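> First the structure, which I've put down as structure tokens, then a few questions once you've had a look.
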Amino acid sequence: MKNEREPLLSTSDNSFDATNNEHQHLLARPDLRSSPENMIVDVGNDNDSLSQTASKEDPAYGSASDAYDPSMHRTLEHPTTNMDTMIHLLKGNIGTGILAMPDAFKNAGLYVGLFGTLLMGAICTHCMHMLVRCSHELCRRLQVPSLNFAEVCSRSFETGPIGLRRYSNLARTLVNMFLVITQLGFCCVYFVFVAANLKEVVAHYFFDLDTRVYLLLMLVPMVLLNLVKNLKFLTPVSLVAACLTVAGLACTFYFVLQDLPNTHTVKPFASWAQLPLYFGTAVYAFEGIGIVLPLENNMKTPEDFGGWTGVLNTGMVIVACLYTAVGFFGYLKYGEGVQGSITLNLPGDQFIAQLVRIMMALAIFFSYGLQFYVPISILNPSIKRRLHSEQAQLIGEYLLRVGLVVFTFLLAAMIPNLGAVISLVGAVSSSTLALIFPPLIEIITFWPDGLGKNYWVLWKDIAIMTFGICGFVFGTYTSVAQIINPDLH
């Protein structure tokens with residue numbers, strides 16, 4: 001994969017060496033449309049030359065950076081249109097989380113879940129806008145065309161208050177660490193999801209086996225699938241997975257909307273003790289913040305990404321409505337008996353319902369490799385730096401791939417409770433990336449003069465961070481308690 005962020009720097013700046021000048025006209029970003037999945041997040045840029053491009057002490061920091069437009073310096077071989085970006089945004093946000101929304105509503109109650117999901121969607125979307133705004137500001141300061149999530153965090157510390165600049169590398173490491181935790185958590189959820197759905201199908205037609213047996217049977221095919229290094233070879237697999245997902249969701253809606261009971265048959269509000277589980281599942285479902293910057297950076301018209309009627313708001317409104325509809329009607333249909341995935345509640349005596357389980361299991365199985373790409377792209381460079389020969393680096397990468405697949409398998413085998421795993425992943429990592437880092441980055445980036453009248457931006461960001469931290473603490477505690485004791489209420 002090509003380096004996404006080769007700096008396109010002005011030749012008028014004499015502070016750069018000849019090497020930087022030679023790279024001015026290289027591709028700044030890859031074509032997202034050629035990638036099989038928009039969940040791919042470019043996480044690596046070990047070249048620290050960005051830190052030399054601009055600083056608050058530079059004479060050009062004021063006027064020159066104000067005149068610099070990052071989008072005008074992006075050289076894109078195949079820029080994505082607004083529709084392309086919308087499709088990528090929808091694909092990146094709609095996954096196993098949407099099937100878990102009825103379980104989230106069970107932990108919140110019908111009406112608390114209804115309004116809470118819409119509120120969660122609004123907050124997460126606002127945090128995405130925060131990240132994009134900070135990226136634009138830092139790109140202007142540093143005079144570079146684009147930055148990724150980890151770079152935005154580290155560069156905000158580098159150009160922020162003097163006392164925080166020493167922590168820029170730590171900030172980058174933390175973001176990458178939580179990206180790895182999040183994606184490996186998704187992989188664990190995928191393992192459990194596929195095994196649980198296959199178990200239901202086989203138990204209906206043949207015999208009943210423990211979920212861990214299916215996890216073991218999946219291990220070898222999953223290892224072989226993830227030995228594929230070139231993402232282009234996964235393009236057909238990704239297309240099949242997308243088609244299966246659409247078909248499976250359509251059939252699921254068909255079953256859910258049949259013979260709906262009255263709303264008084266379910267709880268309007270569950271309990272305060274269950275709310276942290278709702279939080280974890282909901283933020284897990286909405287955690288698509290890792291794809292926002294790659295999408296915006298690859299657009300033909302990036303100015304259409306933001307705004308009230310921009311691509312981001314339009315796509316997230318669709319996502320929030322889908323999540324709310326599945327959660328509301330799924331919980332209303334199956335009540336307190338709803339499971340960690342709505343597919344497990346479909347009638348077992350109907351062939352179409354069993355077919356939906358198989359389709360969704362295959363779709364998630366084929367999507368594992370795409371989620372797996374992110375932790376590999378973060379961890380593999382550090383492995384290569386420690387190995388000198390090309391053969392050793394190749395062996396090291398394959399061992400890393402096999403080791404990570406086995407690691408996610410072991411975690412899934414230890415915790416085969418789908419609902420609790422989803423809630424735990426959401427509470428630990430998704431809340432950190434979606435609700436804690438973006439407001440922190442905004443505070444540091446615009447400190448002290450860009451935080452609005454009476455520092456209203458500061459107080460708003462502190463409120464969002466507090467919400468995220470509370471969800472992290474209570475959601476993690478409640479999820480771990482449910483994993484230890486599944487019958488705990």
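Numbers here mean position along the shown chain, with the first residue as 1.
Each residue, glycine too, has its Cβ placed from N, Cα and C.
Take a look at what TrEMBL says about it:
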type: COMPBIAS; residues: 9-19; note: compositional bias 'Polar residues'
type: COMPBIAS; residues: 20-34; note: compositional bias 'Basic and acidic residues'
type: DOMAIN; residues: 78-479; note: domain 'Amino acid transporter transmembrane'
type: TRANSMEM; residues: 108-132; note: transmembrane segment
type: TRANSMEM; residues: 174-193; note: transmembrane segment
type: TRANSMEM; residues: 213-231; note: transmembrane segment
type: TRANSMEM; residues: 238-257; note: transmembrane segment
type: TRANSMEM; residues: 277-295; note: transmembrane segment
type: TRANSMEM; residues: 307-331; note: transmembrane segment
type: TRANSMEM; residues: 351-374; note: transmembrane segment
type: TRANSMEM; residues: 395-415; note: transmembrane segment
type: TRANSMEM; residues: 421-441; note: transmembrane segment
type: TRANSMEM; residues: 462-484; note: transmembrane segment
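Structural setting of the listed features?
When Cβ-Cβ distances below 8 Å are used as the criterion, the transmembrane segment (108-132) is approached by residues 101, 149, 152, 263, 266-270, 274-275, 278, 282-283, 286-289, 292-293, 296, 305-306, 312-313, 316-317, 319-320, 323-324, 327-328, 331-332, 434-435, 438-439, 441-442, 461, 464, 467 of the same chain, each at least six residues removed from its ends.
Long-range neighbours of the transmembrane segment (174-193) within the same chain, counting only residues 6 or more positions beyond its ends whose Cβ lies under 8 Å from a Cβ of the stretch, are 41, 43, 95-96, 99, 149-150, 153-154, 211, 215, 218, 222, 287, 290, 341, 360-361, 364-365, 367-368, 371-372, 374-375, 378-379, 404-405, 407-409, 411-412, 415-418, 421-422, 424-425, 428-430, 432-433, 437.
Distant neighbours of the transmembrane segment (238-257): 36-37, 91, 94-95, 98-99, 326, 329-330, 333, 342-343, 346-347, 352-353, 355-356, 359-360, 362-364, 366-367, 370; these residues of the same chain sit at least 6 beyond its ends, with a Cβ under 8 Å from one of its Cβ atoms.
Non-local neighbours of the transmembrane segment (277-295) in the same chain are 4, 32, 38-42, 80, 85, 88-89, 92-93, 97-98, 100-101, 103-105, 107-108, 112-113, 116-117, 120-121, 124, 127-128, 131-132, 135, 146-149, 152, 179, 182, 270, 305, 312, 319-320, 323, 374, 419-420, 422-427, 429-431, 433-435, 438, 471, 474-476, 478-479, 482; each lies 6+ residues outside the stretch with a CB under 8 Å from one of its CB atoms.
Sequence-distant contacts of the transmembrane segment (307-331) (same chain, at least 6 residues past either end, Cβ-Cβ under 8 Å): 82, 85-86, 89-90, 93-94, 97-99, 101-102, 104-106, 110, 113-114, 117-118, 121-122, 124-125, 128-129, 132, 252-253, 256-257, 260, 266, 282, 285-286, 288, 292, 296, 299, 338, 342, 345.
Within the same chain, residues 36-37, 39-41, 43, 95-96, 99, 179-180, 183, 186-187, 190-191, 193-194, 197-198, 200-201, 204-205, 218, 221-222, 225-226, 228, 231, 234, 237-238, 240-242, 244-245, 247-248, 251-252, 255, 290, 341, 343-344, 401, 404-405 sit at least 6 positions outside the transmembrane segment (351-374) and bring their C-beta atoms closer than 8 Å to a C-beta of that stretch.
Remote same-chain partners of the transmembrane segment (395-415), defined as residues 6 or more beyond its termini with a Cβ less than 8 Å from a stretch Cβ, comprise 184, 187-188, 191-192, 195, 212, 215-216, 218-219, 222-223, 226-227, 229, 372, 375-376, 379-380, 383-384, 386-387, 421, 424, 483.
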> Under 8 Å between C-beta atoms and at least six residues away from its ends: which parts of the chain pack against the transmembrane segment (462-484)?
123, 126-127, 273-277, 279-280, 283, 415, 417, 419-421, 423-424, 426-428, 431-432, 434-436, 438-440, 443
